[in-house]
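Feature annotation from TrEMBL assigns active site, proton donor to His172. The active site, proton acceptor annotation in TrEMBL covers Glu303. The beta-D-galactose binding site annotation in TrEMBL covers Asn77, Arg78, His172, Ser173, Tyr174, Asp239.
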Amino acid sequence: MVSVTRAVFGDLPLGAGTVEKFQLQSDQLRVDIISWGCTITALEVKDRQGRASDVVLKSLSSHILPYFGAVVGRVANRIAKGTFTLDGKEYKLAVNNGPNSLHGGVKGFDKVLWTPRVLSNGVEFSRVSPDGEEGYPGELKVWVTYTLDGGELVVNYRAQASQTTPVSLTNHSYFNLAGQGSPNIYDHEVTIEADAFLPVDEVLIPTGEIASVQGTAFDLRKPVELGKHLQEFHVNGFDHNFCLKGSKEKRFCARVHHAGSGRVLEVYTTQPGVQFYTGNFLDGTLKGKSGAVYPKHSGFCLETQSWPDAVNQPHFPPVLLKPGEEYDHTTWFKFSVA
């Protein structure tokens, strides 16, 4: 059984609306989601002793900078120089990450109020992104649905466009299976089911090469303990797209195991890629829940999505949504203990 409760979270300034909080609870999980940015603000998971801890990071000051727990779009990740050309017309987007556009621009989907609808086992959020929002063409109708099924949190994204536009939606939760506020994720064991990854330039835009993971730090096909792995390969952390086997069916993407607590997170998706990010830009300045601070490498993200900058890289899996088509992707976050 899943229970869903609804409460007022707070009012936006200048009468801009009321943010609501929805709590989804099953025997294994409890998830808090607010209607501002479809943001997961808490996710409680039991350890092998049956003790529940909140395993997602959330800043109390603002979620704007690191996108803690929010849905990002119209296009997740980076678009080079904030520009792309479609049907001979150049579109200029907001540049908000060095020379690039990141996660939908200055006011992306993470910084808007969504309209909620309570379901028997979850909540559906919807909004209409108007033509020209953040520079993107066409009106886009979007639905994001969170449902609980035992130890599984299921996130479905749907969208319909009035004219051809790039779309790639994801959730930007930062996890720490030891419990949010734990100092790092070095004792997490990570597996990613990907034979290839996308090398990036100095501003984190894919170079266009689709590189084999074989013999590199990016070979995570067998479990690695993160801290030792970063040391062994002398890498600062991950912020890269891993290329998943192309298919629109549900498939295994990644597994993270925290031996200390026994918690396991498995990710399944219909998306062609997953951005594995190890919180490299966290620096301890953001105040988190229960007095926590979030230093570098204190959380990880597994952002299932289309490949970064795909709108400018014709050999990447297509990212354009045309009128009459429907964008429809699902990601499953499955929690257990081992």
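In case you wondered, yes, glycine gets a Cβ from its N, Cα and C as well.
Automatic prediction, not curation, is the source of TrEMBL annotations.
Projection of TrEMBL feature records onto the structure.
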residue : record                        : contacts (Cβ under 8 Å, 6+ apart)
Asn77   : beta-D-galactose binding site : Leu102, His103, Ser168, Thr170, Asn241, Gln275, Glu303, Gln305, Ser306, Pro308, Asp309
Arg78   : beta-D-galactose binding site : Asn97, Asn100, Ser101, Leu102, Val203, Leu204, Ile205, Pro308, Asp309
His172  : active site, proton donor     : Pro66, Tyr67, Phe68, Gly69, Ala70, Val71, Val72, Ala76, His103, Asp110, Cys301, Glu303
Ser173  : beta-D-galactose binding site : Ile40, Leu43, Val56, Leu57, Phe68, Gly69, Cys301
Tyr174  : beta-D-galactose binding site : Val56, Leu57, Pro66, Phe68, Gly69, Gly279, Tyr294, Gly299, Phe300, Cys301
Asp239  : beta-D-galactose binding site : Val200, Leu204, Gln275, Phe276, Tyr277, Thr278, Asn280
